[in-house]
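Once you've had a glance at the structure underneath, I'll fire off some questions.
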There are 2 protein chains.
Amino acid sequence: MALKGKMVIGQSGGPTAVINQSLVGAVLAARGQENITGILGAHHGIAGIMKEDFIDLTTQSVDDLETLAATPAAGLGSVRLKPGKAECERVFEVFKKNDVRYFFYIGGNDSAETAHIIAEMAKEANYDFCTIHIPKTIDNDLRVTDHCPGYASAAKFVALAFMGDDRDNAALAGIKINVVMGRDAGFLTAASALARQDEGDGPHLIYVPERTFDVAQFQSDVKAAMAKYGRCVVAVSEGITNADGQPVMTSGERDSHGNLQLSGSGALGDFLSGKVKEAYAGETVRVRADTFGYLQRSFPSIVSEVDAREARMVGKHAVEHAVATAEPGSVAIRRLSSSPYASECFITPLSTVAREATELKDEYINEAGNDVTQAWVDYAAPLVGDLPKMGKLF
Amino acid sequence: MALKGKMVIGQSGGPTAVINQSLVGAVLAARGQENITGILGAHHGIAGIMKEDFIDLTTQSVDDLETLAATPAAGLGSVRLKPGKAECERVFEVFKKNDVRYFFYIGGNDSAETAHIIAEMAKEANYDFCTIHIPKTIDNDLRVTDHCPGYASAAKFVALAFMGDDRDNAALAGIKINVVMGRDAGFLTAASALARQDEGDGPHLIYVPERTFDVAQFQSDVKAAMAKYGRCVVAVSEGITNADGQPVMTSGERDSHGNLQLSGSGALGDFLSGKVKEAYAGETVRVRADTFGYLQRSFPSIVSEVDAREARMVGKHAVEHAVATAEPGSVAIRRLSSSPYASECFITPLSTVAREATELKDEYINEAGNDVTQAWVDYAAPLVGDLPKMGKLF
């Protein structure tokens with residue numbers, strides 16, 4: 001069945017370095033489709049749709065779109081809103097009113113859930129309509145897909161940051177703690193392991209939210225690394241939790257989803273610095289903590305080539321699939337080979353991606369819970385791509 | 001007068017992205033000089049010299065040196081040590097014992113001071129000797145020189161970070177505070193202005209240590225920016241001080257120089273976030289703070305081309321000047337033209353660079369003390385070089 005009508009495309013959740021590649025991939029694919037009679041960009045996602053606040057995406061030059069594709073963050077504006085039934089009804093009403101027949105929502109599992117609810121509403125109302133979720137998240141925590149567009153570029157930033165910071169730490173020895181984004185999944189923190197090129201390179205310890213964080217064990221791990229290397233670089237996820245399941249340290253504030261604010265605060269890093277100083281009470285030791293913060297997801301020019309290509313690909317695939325089949329779904333990526341790296345798109349039902357997220361597999365975390373495994377490196381390295389060689393004299 | 005003997009080269013103070021360019025520039029220049037009979041790298045600067053802990057720099061392949069040149073931090077290891085008279089005497093003793101006739105010290109004003117003291121000792125002792133200070137600092141606070149190697153690459157990192165973060169802030173509107181390195185001088189924080197490409201782009205407010213920071217004025221500035229732009233990105237130096245001259249917020253710890261620790265802690269960002277929330281008491285407003293931390297000075301692949309070229313040039317010039325004249329001094333950079341950018345090296349007496357530092361000129365700071373001027377942008381932009389164009393839909 002071929003649908004004819006307008007399309008709406010929106011972006012949701014945290015920005016990434018390549019989310020605009022997906023937008024531009026979808027828009028350029030749509031411009032060639034005669035069944036798509038208008039291309040409306042939702043200004044700030046669902047929030048914009050409810051207000052009928054659209055940006056016409058038929059008028060920009062290809063050059064301008066290519067500049068946008070290479071720009072981080074979310075060109076249409078994003079939103080942190082998990083819409084309830086009333087909001088979804090309003091969205092559906094706007095779609096019907098404007099003869100919108102296609103809806104593409106670029107985001108994570110919450111966005112897939114929104115797409116799913118709206119797809120179900122259309123079905124119930126017998127409104128001919130196709131909703132496609134286009135995956136995006138630096139957290140890499142969507143189910144089904146091998147990995148998520150947006151992740152590899154953020155992972156490249158993290159790997160580069162640790163490569164440089166490890167050299168910095170080698171030049172002025174001490175203990176350095178770097179807090180990496182990741183509330184429930186340690187994919188981004190685990191990418192710090194890609195910084196290692198030679199024996200003794202940091203990070204020397206990696207803590208992910210998939211394992212309970214024990215302060216005493218951490219203190220003892222740091223002391224052991226210091227004894228072995230004379231210095232210590234630590235990667236830690238912002239979302240690490242105590243044995244009771246509570247975040248180790250937050251700013252105390254909650255976001256609009258009711259989640260405790262983890263990013264945009266140096267609280268965890270400063271807390272862990274304090275714990276290390278405690279462990280070295282009386283001794284002089286240089287302890288510093290950095291929280292990478294929002295730089296990880298929106299730094300211009302730090303982009304994985306694989307990520308940029310795949311982000312473009314999922315946007316294009318979404319439109320082509322929708323026009324060809326009118327079947328709702330979520331675009332996912334299948335890895336065909338790691339060396340040389342190759343992948344392809346496929347469609348998975350919205351229900352398989354919506355709502356629940358995934359996390360690091362057990363085989364990617366070492367037994368002590370303070371590092372990753374070679375299996376992890378084999379998984380992540382092809383996504384991030386080549387990294388510069390660090391020169392060393394000692 | 002031609003001196004014949006060994007040379008020692010060392011790196012001191014905070015690492016930069018291009019300090020190894022200066023090292024490699026000096027080493028390659030020295031390898032061609034028959035009056036230089038040995039090239040000794042001081043492992044961790046002055047601290048290594050006192051222990052006669054040297055790395056032989058005659059054996060590495062040119063390829064390996066080029067890899068090192070492109071690697072951030074300090075390949076020889078660095079040190080934070082302002083040596084007293086006894087330490088300088090020990091250094092001088094080691095130099096005499098090893099027939100060292102040339103000493104090249106890559107660092108900031110403290111390193112120039114060390115070089116100066118040792119040069120004076122040699123003169124008093126009638127020991128034929130030449131000391132050259134090779135400038136390096138991301139702070140850009142050395143006197144005489146137009147600018148300092150290491151600065152422009154860190155400035156490029158800051159500009160890129162603000163470009164991306166401004167897009168992130170446009171996508172999910174709110175108040176974002178970014179804390180940038182700079183204890184006494186605002187050069188690096190001021191570089192955030194280079195992120196602006198279009199009307200309304202952030203940073204919307206810039207605070208440097210050259211002006212007293214007033215919390216109430218800051219709160220009122222943020223509110224005014226929010227009213228005008230619907231969002232607000234703030235750049236603030238870690239070293240901003242209150243009217244009493246004390247840092248606005250620190251971790252409370254002091255470093256080996258007795259300076260309060262400013263970097264490697266999220267304390268200032270979190271404090272300013274709190275002050276903004278106070279100003280909006282009762283209202284819902286999204287406030288986040290990131291502290292860029294050590295990433296600014298050691299991020300691989302974010303390098304200004306001008307900076308890399310000049311860092312190489314000052315290292316080479318130091319050796320050529322020393323061999324040709326045996327006159328001590330500090331290498332400085334003279335800007336010949338901003339468009340197209342051109343520069344040359346010259347030698348200035350060590351006393352003109354040692355000890356005291358410089359700061360942002362008045363003409364670079366706006367009257368309200370919350371932004372920089374066009375004169376600043378004209379000064380800084382040619383050093384940082386081309387930045388990617390950010391694509392926008394609104």
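Count begins at 1; order follows the chain as displayed.
Placed from the backbone N, Cα and C atoms, the Cβ positions cover glycine too.
What TrEMBL says about a protein is an automatic prediction, not a curated fact.
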Looking at substrate binding as recorded in TrEMBL, which candidate out of B:Glu87, B:Glu238, B:Glu356 goes with B:Thr137, B:Ile138, B:Asp139, B:Met181, B:Gly182, B:Arg183, B:Tyr294, B:Leu295, B:Gln296, B:Arg297?
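For substrate, TrEMBL names B:Thr137, B:Ile138, B:Asp139, B:Met181, B:Gly182, B:Arg183, B:Tyr294, B:Leu295, B:Gln296, B:Arg297; of B:Glu87, B:Glu238, B:Glu356, the listed one is B:Glu238.
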Mean pLDDT over the domain 'Phosphofructokinase' (B:7-321): what is the value?
95
At the level of the C-alpha atoms, what whole-angstrom distance separates B:Asp139 (substrate binding site) and B:Gly14 (diphosphate binding site)?
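Spelling it out, the Cα of B:Asp139 (substrate binding site) and the Cα of B:Gly14 (diphosphate binding site) are 10 Å apart.
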Can you give me the same-chain residues 6 or more apart in sequence from B:Gly182 (substrate binding site) with a CB-CB distance under 8 Å?
B:Asp139, B:Leu188, B:Thr189, B:Val208, B:Pro209, B:Ser237, B:Glu238, B:Gly239
How many other Cβ atoms sit within 10 Å of the Cβ of B:Lys136 (site 'Important for catalytic activity')?
32
Mind checking which of B:Asn109, B:Thr137 has the fewest other CB atoms within 10 A of its CB? They're the binding-site residues.
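Comparing Cβ neighbours within 10 Å for the binding-site residues B:Asn109, B:Thr137, B:Asn109 has the fewest.
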Quick one: Cα separation, B:Asp110 (site 'Important for catalytic activity and substrate specificity') versus B:Thr137 (substrate binding site), in Å?
11
To the nearest whole angstrom, what is the C-alpha distance linking B:Thr137 (substrate binding site) and B:Asn109 (Mg(2+) binding site)?
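Taking the Cα atoms only, B:Thr137 (substrate binding site) lies 9 Å from B:Asn109 (Mg(2+) binding site).
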